[in-house]
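Asker: Annotated disulfide bond per Swiss-Prot: Cys64-Cys73, Cys69-Cys81, Cys74-Cys91, Cys79-Cys93, in sequence order. Under the heading 4-carboxyglutamate, Swiss-Prot lists Glu50, citing experimental evidence as support. The 4-hydroxyproline annotation in Swiss-Prot covers Pro56 and is backed by experimental evidence. Among the features that Swiss-Prot reports, signal peptide is placed at 1-24.
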Amino acid sequence: MPKLAVVLLVLLILPLSYFDAAGGQAAEGDRRGNGLARYLQRGGRDNEAECQINTPGSSWGKCCLTRMCGPMCCARSGCTCVYHWRRGHGCSCPG
């Protein structure tokens with residue numbers, strides 16, 4: 001089988017939701033909420049965890065250990081999410 005055919009076969013098998021171009025971490029959850037969010041709640045570790053499900057009814061989503069801003073995760077704690085006209089959401093971090 002030629003290499004191109006193998007690559008195309010692999011891309012068809014692996015859903016694109018496994019890959020996150022925004023730099024966040026894709027995490028598996030369930031229909032009641034996100035598994036990573038519940039894990040972080042144990043022991044008071046959920047202070048800054050924010051999660052969102054990619055599509056309604058999906059068990060896949062993205063979780064940030066910092067602030068979630070639009071489709072991205074901010075690089076550090078203490079950042080705020082701002083909206084720039086024509087550029088979309090972005091993180092504004094102190095210092």
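Counting starts with 1 at the first residue shown.
Cβ from N, Cα, C; glycine included.
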Asker: Calculate the distance in Å between the alpha carbons (Cα) of Cys69 (disulfide bond) and Cys91 (disulfide bond), and round it to a whole number.
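Answerer: On Cα coordinates alone, these residues lie 7 Å apart.
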Asker: Among Glu50, Pro56, Cys73, Cys91, these being the recorded positions, pick the one whose CA is nearest to that of Cys79 (disulfide bond).
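Answerer: That would be Cys91, the closest of Glu50, Pro56, Cys73, Cys91 to Cys79 (disulfide bond).
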Asker: Counting distance between Cα atoms, which of the recorded positions Glu50, Pro56, Cys74, Cys81, Cys91 is nearest Cys64 (disulfide bond)?
Answerer: Glu50
Asker: Applying a 10 Å Cβ distance cut-off over all chains shown, what neighbour count does Cys79 (disulfide bond) have?
Answerer: 17
Asker: For a quick check of packing: other C-beta atoms within 10 Å of the C-beta of the residue listed as '4-hydroxyproline', how many?
Answerer: 5
